[in-house]
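Input: a single structure, listed below in structure tokens.
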Amino acid sequence: MLHGQVIADVQLPKEYPVQLAIAYILLVGYLVRTLFVSLRLPAAVGVILSGFIFSYFLQADIFVERDVLQELAFFLVLLTAGLEISIKDLRPYLFVLAWFPCAVELLAIAAFSAAAMDYTFIEGLNLGLVLAAIGDGLVIPKMKEFSSRFPEHPMPHLMFRWAPLEACFALTFFGVLKGASAPASMPDINMPLLVLANITRIGATLAAGAMFGTLSGWLITYRTKASLFGHQVFTGSSVESFLMLLSVALVSYGLGGNCASGEPLVPIFFSGGSLFQPELLVIVTGSTFAAAADKHTVHHVEHILGGVWVFGQLVLFTMLGSKTSTAIFPELSRLLPIMAVGLTARFIGVSAAIVLTRRERGCEFQNLENTAHDALFCFLATVPRATIQGALGAVPLSQRYFNNFPLREDARSFIFTAARLYIVCMSVFGMCSLNTFGPCLLRASEKRPAMEIKFLGDHDLDQELLEQLDFNGDNRASDELRVEDAATVLAE
């Protein structure tokens, strides 16, 4: 009893200057992140570890506002996902590849949790959505590395397109499912009205996001043409472009949010909830901006967002780590069967999607051995999990989902615990497996069907994706970027 009291006292928030807490989050979090990257371990796990240590001397102001900080970092996840989706590159088979395996996994987890844990199907769907989505922040940089090592192999390029689409699917479906999950802020469920409200919400969100993204893309691209008394109004700098897009995206996110009273800012008058789905609104705004703006503007915005996302990662995963304790690890025994069911379903879903899309990908006459190698590579690329789990895991608990459900307390806390355990286990296991077996599978299937090379032979598009990812990484020398910016200003 005394030991438990001591632990509880140690983890109470401390009164010291908030500046010191921010310094710890940024400096120690970044150092641990860098150490993990150098050891070829997932950076997210290192930052969560620094956050767990931080929980023992958590500053009082950070303690009070950590949900807000985590939500702002989640906003960056949404904007990044939107910018990574290339609208002109979307083809029907990509939606099958990105959505079908994820749907199979989340439905399997939902069915298992309903059968074995006595959860309702809605609780199971929330658990499945939190756990099933790919860790796009881990996978996309790894695909960049593989595409450099295997430049003629189409599978890393395919995963470039797959990862953000799957993340978008999970984030959007999670938002749509909110109404059926009975959060504390919503009235009792009227199912026909809920369906109509969701259809209205998605339509309004897509229309508003397309308008915001297209207008901001056009205005930001051509803003340097504005003049006042013969003087150019805007500088045309990359930072200026980023700040403008960030502001528009924040407006999008805010329009789907609630006022301080808990009422939606823009309500659906015939039903509870907001007219806009905030996660989808930010994603659509980002993707339509990327389609409407010129390539130069998009590249520079992505470069700056890549740097800001490092800061966002530190905040998101430190806050997540600060809510973690060693008490969650006994729950691993409950989670292991869910992991087994989910990964089995994922493998079946990936294999089926690869086979079903052979003709559309130009692989109709590919031998079965190479098809199996492709399926196994794509499966391994979907195993790492981190970003979506960190962003969504705490939502059912913080927004008090499942108010009318008998096992609501257990479901809320288990989803949060499972998300943290998934990050630790699946990011490490997934990245180690992908690092070890990914190159072997790519080498084994390097001989590709001629039709596939012709069908996927948009090398300019692939190179454009690689260039965009370079701007998100740390591989570009700062001197080169300064020269590029200077050349842009001179050209204008």
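Here the Cβ of each residue, glycine as well, is placed from N, Cα and C on the backbone.
TrEMBL annotations: computationally assigned, not manually curated.
What you see is a predicted model, and the numbers here were worked out from it, not measured in a lab.
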Matching range for TrEMBL feature annotation, transmembrane segment, among 275-292, 365-382: 275-292
Transmembrane segment according to TrEMBL, located in which of 304-322, 437-455: 304-322
Of the residue ranges 69-87, 411-429, the one that TrEMBL records as transmembrane segment: 69-87
Recorded stretch that, among 69-87, 94-115, 121-141, 202-221, 304-322, has the most CB pairs under 8 Å to the transmembrane segment (16-32): 304-322
Chain residues in Cβ proximity to the transmembrane segment (304-322) (below 8 Å; excluding those fewer than six residues from its ends, i.e. six or more beyond): 25-26, 29-30, 33, 43-44, 47-55, 58, 62, 66-67, 69-70, 72-74, 76-77, 79-80, 83, 137, 238-239, 241-242, 386, 390-391, 393-394, 420, 423, 471-473
Cβ-Cβ under 8 Å with the transmembrane segment (121-141): same-chain residues at least 6 beyond its ends: 42, 44, 77, 80-81, 84, 102, 105-114, 159-160, 162-164, 166-167, 169-171, 173-174, 177, 180-182, 309, 313, 338, 342, 346, 381-382, 384-389, 392-393, 396, 401-402, 405, 407-408, 411, 414-415, 418-419, 422, 426-427, 430-431, 434, 469, 472-473
Residues of the parent chain within Cβ reach of the transmembrane segment (69-87), under 8 Å, 6 or more residues beyond its termini: 62, 136-137, 140, 161, 163-165, 167-168, 171, 213, 245-246, 249-250, 253, 279, 282-291, 298, 301-302, 305, 308-309, 312-313, 315-316, 319-320, 387-388, 391, 394, 461, 465, 468
Which of 94-115, 162-182, 233-255, 275-292 contacts the transmembrane segment (334-356) most, counting Cβ pairs under 8 Å: 94-115
Distal contacts, the transmembrane segment (275-292) - CB-CB under 8 A, six or more residues away: 75, 78-83, 85-88, 168, 171-172, 174-176, 200-202, 204-206, 208-210, 212-218, 220-221, 245, 248-249, 252-257, 264, 266-268, 298
